Every structure is written in structure tokens, then in C-alpha cells.
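*Asks:* Grabbed the feature section from Swiss-Prot, which reads as follows:
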type	residues	note
BINDING	His63, His65, His233, Asp308	Zn(2+) binding site
BINDING	His63, His65, His233, Asp308	Fe(3+) binding site
BINDING	Arg72, Tyr135, His168, Gln236, Thr313	4-imidazolone-5-propanoate binding site
BINDING	Tyr135, Asn310, Gly312	N-formimidoyl-L-glutamate binding site
Amino acid sequence: MMILGNLRVATLSDGYGLIPDAAILIEGDRIQWVGPEAHLPPSAAPRHDMGGRLCTPALIDCHTHAVFAGTRAAEFEMRLKGASYAEVAAAGGGIVSTVMATRAASADELLAASLPRIDAMLAGGVGTVEIKSGYGLDIETELRMLRVARRIGQLRKVRVRTSFLGAHAVPPDYRGRPDAYLAEVVLPALKVAQDEGLVDAVDAFCEGIAFSPAQIAHLFAQAHKLRLPVKLHAEQLSNLGGAALAARHDALSADHLEYLDAEGVAALAAAGTVAVLLPGAFYALRETQAPPVAALRAAGVPMAVATDLNPGTSPLGALGLAMNMACTLFRLTPEEALAGTTIHAARALGLSDIGRIAPGFRADLAIWEAEHPAELSWRIGPAPLHVRLHEGEFV
């Protein structure tokens, strides 16, 4: 048991939920009490003076592709020089290049490539990260990616949630045969992943260049049979009704949503599905149509913010910068951005005991060299993290 005293606490219980001159009583991995320090119940627990610093829940990055091999820097240069998507692909770039590099990497090599990315996230105050498969597109590599993600959670003080994203793209060896790919690779891999305890949710990419709503509906039906929750990349490049599809399947989240329409907004609101906004991909792809944040806000749809860390369209590993981008590019408020990387991000992962500072919640905390929580979205640059607690222990 211990006390953190002399804090400004943003509980996220009601807006920022700011409590000045606050203390937090922690027992084991749980918060037992939070409030004005003058009202702290008598306790013999040791007290740590935090010097008047700001305390928030540890941040949650609820959408990443952090396990992969290789880079896509060469095609970045090609695109800047005017190369089309087809020209990049013909030169060996695009998602296929990441798939080939990831397939060729051993588990140890994937782990060695991924850990520095995770370490950078943790240095920015992240305490929970979602990691997807999706760069194997064969049974062996999809499972290897998920095993590496689980290993990361064992090696670092971070909570890792995994999403099986076998339906990310159709690999070259199944070009023109997406149904066969789903039947022969995706569904068998999903079953093995579930049997091995490697998967927390099932994800898919609903887009003309990926999978149709009907194909995804079939995949989600199989996920439900395995008692696995679902989430969906939807309405990023066009509107295929992916958000409404996600809502019909009680998805935890629908992600991207640049081309979301009024029907999709209403469906998300009715289902309680979280809208995950990914400003890094919007920025890197130089998109011009932003998600309909005002409509989502008016409908009461919870909005999360994530990095979408991946080598092709969002090589962004700093969640604080994603918060700034969400405010600057999508017009979220700093309060919404913080909620989007704490309580709403937790909801997008199906987690109900992190993302707020309240009795009974896990003691996943970030203590910052900051006076006000708006500073976390205002800053462009290194996160002002002082120290992080993971399940009640200083990291």
C-alpha cells in the first residue's frame, strides 16, 4: 500500500475531473481512494510527494500495427516524387513489401525490431497498447506476429491487447481469390490463435482494395462463434457501410472513418461502438476529408485517438503527437483528446478497469511535468513524462 500525495489529478470521471492538492491511495494493483489530500483517510502507508505534478491515467494506444519487419522509407521518397500507388507496388513497395519482410523474419528478429517502438511509446506515458497481426497473410506468420505481441507484454511493463487482422489484405498468392483466402488462411489461423490464447479481438479492413462487407460479415460471424469481440477498419478511403456493419456486430470500435456518413454515425451511436480516430494516417496520406467529428460529438459517440503505428501509412509512434494532430487536424478539444487516449480508448479495447482514476480501477498512472492536462495535447515534441506506474508499481 502507498500514497501518492501533492498531486493535481485528472481523474477523467467528469471531463478532466481535476482535483487540485490531491492524493491517491493505492493497494496492490488497484486504486483504493482518490480525492483532496486534506480528506485522505488515516493510513500508515508510505507517502510519496509528487511535487505538485499532474497525474492522469496512463495513456492507451488502442490501434497499432507495431509488430513488423522492414521499412517503407524508399516508397515514401517515391510518393513524394510523384509515383502512383500502382508504380510503388510495381517497384516492390506497398503492403506486399512489409508482408515479405515480415514473413522472412524470425520471431526473435520481429521481437528485436518491435521492442524499440514499444519502448518509445512507454516513454510517452503509454501503459496499454493494442497490437494487430496482418503483415503475415499466411497462417504461420500471422500466428508468429501474435506470439511476439504476447511476448512483448511479458518483457515490458505494459498491458498488450492483441487483434487478429488476417483480413488486412489479399496476399499475392491469393490475388483475385479473396473468398478462398478467407476460407483457407484467415479462418484456420483464427481458430489456432484462439486455441492458443493469442487473440483478444478480431479486426478486418472493409474497403474496395481489401474485403467486402459480405466477406467481413462472414468473418465476424465466425468470430462470434469463438466468443471473440470484433472491430473494423471502416470508411477510410470510401464509404462501403463499414461502420454500420461494425455496429450490427456490436463491434468494440470502428476505426479511421474519414468517409463516415450520417447513417454510420447513427449506427455507431445506437450500438455504443467507439469511433477511433487516426490522424497520423490522415496526415501521412495527405487526405483532405476528415472524419465528421462534429456529427460524432452531437450524436454522443465516444471518440478515441490512436497512432495507427505502421510502416506504410502512419509511421507514428508518439501518442502525444497523435493527440495534438487530433486537435489540430480534426478539431477535437484537448479534453476530448485526453479522454480519447484514456477512458474511450479503454472502451475500444473492451477494458473496463483502466482509463480513469477512481476506486477499483487499476493503478495505471502517468505523472507529468505539467500543470494542466491540456498541455499533453498542446505540446509538439517529447512527452513531459515524469514517471509512470503500472499496476501500482513505479516503472
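Residue numbers in this text run from 1 along the chain shown.
Cβ coordinates are placed from backbone N, Cα and C, and glycine is handled just like the others.
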*Asks:* Based on Cα coordinates, which of the following binding-site residues are within 10 Å of Arg72 (4-imidazolone-5-propanoate binding site): His63, His65, His233, Asp308, Gly312?
*Replies:* Gly312
*Asks:* May I ask for the distance between His233 (Zn(2+) binding site) and Gly312 (N-formimidoyl-L-glutamate binding site), taken between their Cα atoms and rounded to an integer number of Å?
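*Replies:* So the alpha carbons of His233 (Zn(2+) binding site) and Gly312 (N-formimidoyl-L-glutamate binding site) sit roughly 15 Å from each other.
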*Asks:* Cβ within 8 angstroms of the Cβ centroid of His63, His65, His233, Asp308: which residues besides those meet this for the Fe(3+) site?
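*Replies:* Nearby residues not in the site list: Thr64, Lys132, Asp255, His256, Leu278, Ala281, Ala306, Leu309, Asn310, Ser314.
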*Asks:* Looking at the binding-site residues Tyr135, Asn310, Gly312, Thr313, which has the shortest Cα distance to His63 (Zn(2+) binding site)?
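*Replies:* When the Cα distances are compared, Asn310 comes out closest.
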*Asks:* Highest CB neighbour count within 10 A among the binding-site residues His63, His65, Asn310?
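*Replies:* Selected residue: His63.
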*Asks:* Do any residues at least six apart in sequence from Tyr135 (4-imidazolone-5-propanoate binding site), in the same chain, have a Cβ closer than 8 Å to its Cβ, and if so which, in order?
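*Replies:* Those within reach of Tyr135 (4-imidazolone-5-propanoate binding site), by Cβ under 8 Å and sequence separation of 6 or more, are His65, Val67, Phe68, Ala69, Ile95, Thr98, Val99, Thr102, Thr141, Met145, His168.
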*Asks:* Give me the CA-CA distance between Gly312 (N-formimidoyl-L-glutamate binding site) and Gln236 (4-imidazolone-5-propanoate binding site), in Å, as a whole number.
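*Replies:* Computed Cα spacing between Gly312 (N-formimidoyl-L-glutamate binding site) and Gln236 (4-imidazolone-5-propanoate binding site) is 15 Å.
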*Asks:* Can you tell me whether DSSP puts Asn310 (N-formimidoyl-L-glutamate binding site) in helix, strand or coil?
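*Replies:* Where Asn310 (N-formimidoyl-L-glutamate binding site) sits, the three-state DSSP reduction gives strand.
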*Asks:* By a 10 A CB contact count over all chains shown, which of the binding-site residues listed here is most packed: Arg72, His168, His233?
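*Replies:* Its Cβ has the most other Cβ atoms within 10 Å: His233.
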*Asks:* Around the N-formimidoyl-L-glutamate site formed by Tyr135, Asn310, Gly312, which additional residues qualify by having Cβ within 8 Å of the site's Cβ center?
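*Replies:* For the N-formimidoyl-L-glutamate site, the extra neighbours are His65, Phe68, Arg72, Ile95, Thr98, Gly134, Pro311, Thr313.
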*Asks:* Far apart in sequence but close in space: which same-chain residues, 6 or more away, have a Cβ under 8 Å from Asp308 (Zn(2+) binding site)?
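*Replies:* The list for Asp308 (Zn(2+) binding site) reads His63, Thr64, His65, Asp255, Leu278, Gly280, Ala281, Ser314, Leu316, given in order along the sequence.
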*Asks:* Please determine which of the binding-site residues listed here (Gln236, Thr313) has the lowest count of neighbouring CB atoms within 10 Å.
*Replies:* Thr313
*Asks:* Including all protein chains displayed, how many Cβ atoms other than that of Gly312 (N-formimidoyl-L-glutamate binding site) lie within 10 Å of its Cβ?
*Replies:* 21
